[in-house]
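The next block holds one structure in the form of structure tokens; read it before the comments.
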Amino acid sequence: MLKTLNRRSWTCRQCIRILRRNAETRRYFQGASAASPLCQHTVSSSTSDKARDDQTLRLIFDSEPFWREFSQPKSSTSKRTGLLQNQYLTGPDGFLQFAQVSLQKCQKIVAKVIAASTLEDYRGMVRDLDRLSDLLCRVIDMAEFMKLNHPSPQIQDAATQAYALMFEYMNVLNTTPELDAQLKRASADLNVTSHWSPEEKVAARVLLKDFSQSAIHLPPKDRQKFVALSNEISQLGPMFVTNRQPETDHVTVDKNKLRGMDPSLIQQLQRWRKVAVPMFGDIPRIALYSVHDEETRKEIYVTSRTSSKVQIRRLETLLQKRAELAKLAGFPSYAHMTLSDKMAKTPEAVVNFLEALNASNRGQVQDELSQLLALKQADVPSATQLQPWDHAYYVHQYSARHSRVRRSRESTLLPAFFSIGTVIQGLSRLFTRLYGIRLVPTETLPGEIWNPDVRRLDVVDESDRRLAVIYCDLFTRPYKSPNPTHFTLRGSREISQAEIAECADLSSSLHPNDGMATTIKPETNKLYQLPTVALICDFDQSESRSTPSLLNEHNLETLFHEMGHAVHSVLARTDLQTISGTRCATDFVELPSVIMENFATAPEVLALYARHWETNEPLPEHMVKSMELNRQSRVSMHGGMDNEVQILMALLDQAYHSSRPLEPNFDSTRIYHDVYSTHSSLPDPPGSRTSWQGYFAHLVGYGATYYSYLFDRAIANKVWSDVFKGGELSTNRDAGERFKNEVLRWGGGRDGWNCVAGLLGNNPANDNGKLAEGGEEAMREVGRWGLGLMGTSEL
């Protein structure tokens, strides 16, 4: 998952994740060296040093004694650096200072852009606005990250204040039409645009699109209404997410009706001979897969999928406000407004994709349901069809009867081969083979990290030049979010000579990247801020920490997924921050992370790293085969239905963000039943008036874009099959370079369809390069590719 900021962002449309950093650091077992803050950092390229780095990478995560020694300062300096080596963030007061200094720089840039009149001014305008975007992101992203992840309440409060100051200023920019007018003037002048680089032209289009979506072109009265609607929407969203509740809190049934359910759980819920089954939390799910009595399952199913009327009103108000906002901005619907800068472009194209995908998935669904119906008929010979409240129950029954591998001793031994250190080591080895980069464990300076458990990894290339910095905060702790997330802390960007001079004029101690990581590109001799990212996970540790943290298969794929986002940030080292790293179309950004899930368990990749944490023995071949058979068994029994559930949610999302919310008798429940009765293999019974949509929290964060994850899964399935040959080329350098050069290195600087077309080349699916144009037929073609055996977890 990428962290998405819920803010309008003409400057950082895809500030879709959060944050950044620098200053020279020292390596383990090496003394500190006095390095210029602007000099390029390199590490030793000797074979022995690389082997030591590889071993150290594993040990800093797996060995607590080794980590304690490694993380001890190797010099006597008592001076503390700032968080992420940001020179302002040495304490809570530094957040406001950082925001104020950045704000002053922003104001100067805005004044310069508004006053622009010469060709030289207009030719430099995109870079000026990109720097404005970067200055805003530096503060907002950093503050948002620390607000969510720093354990100190004082730091959290200070970060909140800094965030509020810059967010308020961003709202001022969103009501400054002169910026939009000046950029339009520059973009319309061939004497200007002929001097722009391809990146500058893309960034200009992105910025103009963001201006249009903030309704900056509207008359003042309409613009005020747009801001008011936006504020209402921003308040309704969290209210909808945090108030999901059923219309009826409990279903009361006789104890004997719950046979099959865990007796200890029944006892907790029992009152005399009756049991009050709550309709929230995990209990309904547990009941649906374990209770033998069909009528009881039906009652629990229907009741648990019926939202409170208040919650439905909240949703309908939210959808109506979004539709009004889009209409005010000149779009037919909220979906049209949201999708205009995505690969899909239109809601019609999204529906084409989803219907084609549903058709390609239907055969598997019917096979699954036929097997489950046979199980039901063994229990109830007169049964002629499977009901929606039967599905979980008979999947569970099938698993209990057939999935011996799951219950075998062998499956319980698998995590011992996937310690976190072993997996990180494997990721580094994989990246070396695919992209010629590796992860180097690096000592942090006092004050640099927000928690003692955070590890810093530098990413270096084959010339041992540093490319990026990754902070790994992977272990659970009190009050930490359980959601795995990739945060962009600072994106790639060229730092101009003017910025360097500006810092020197202000103070000899100031750094043009606030003290965070920089490098000099040898090809151009220009200074760049390095991509800096954080990976947040919530993996358990043993209480004594005497044994390493071991990952099950789900957590293994999660770590590979998040590292897929990270490598996208690392390799998309653009000149402009606006299009750096993961700042690309929402329906393209998950491709690198989704495809990484396939690498996690590919036999060729497992051979690189899967070793027992204690004996160092490689994962036996028969266990590799068992993993694959178990995965195929899961997918063959409910993978198709899992896919259909996601497809239906995406179709419902499109229906809700059409123009229908503006109709006088808009009824979200009727639309829900229309969509499901048309497309579902197991629709809710007619007349049930279930209203599951009240639980659909992703409507808030992914309004009109819920299809994106499915879309990227379909593309990833095709790429894995055709480029990486289903895993045969999963460690092949040519295949890796192809993926890097056609997809990863561009960030948001190349249209996603061109990336896909370039990647597939002469593949029949891309006959005559037809995918490069995108459009409704291209969306339908991707739907035909299907989802394969890839992960089926939702967003």
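Any Cβ shown, glycine's included, is placed from N, Cα and C.
Sequence annotations record features per position, and here Swiss-Prot assigns active site to GLU562.
HIS565 (Zn(2+) binding site) falls within a helical segment according to DSSP. What Swiss-Prot records for HIS561, HIS565, HIS568 is Zn(2+) binding site.
Feature annotation from Swiss-Prot assigns transit peptide to 1-22.
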Neighbour-count leader, CB within 10 A, binding-site residues: HIS561, HIS565, HIS568:
HIS568
For the C-alpha pair, I'd like the distance in angstrom between HIS568 (Zn(2+) binding site) and GLU562 (active site), rounded off.
10
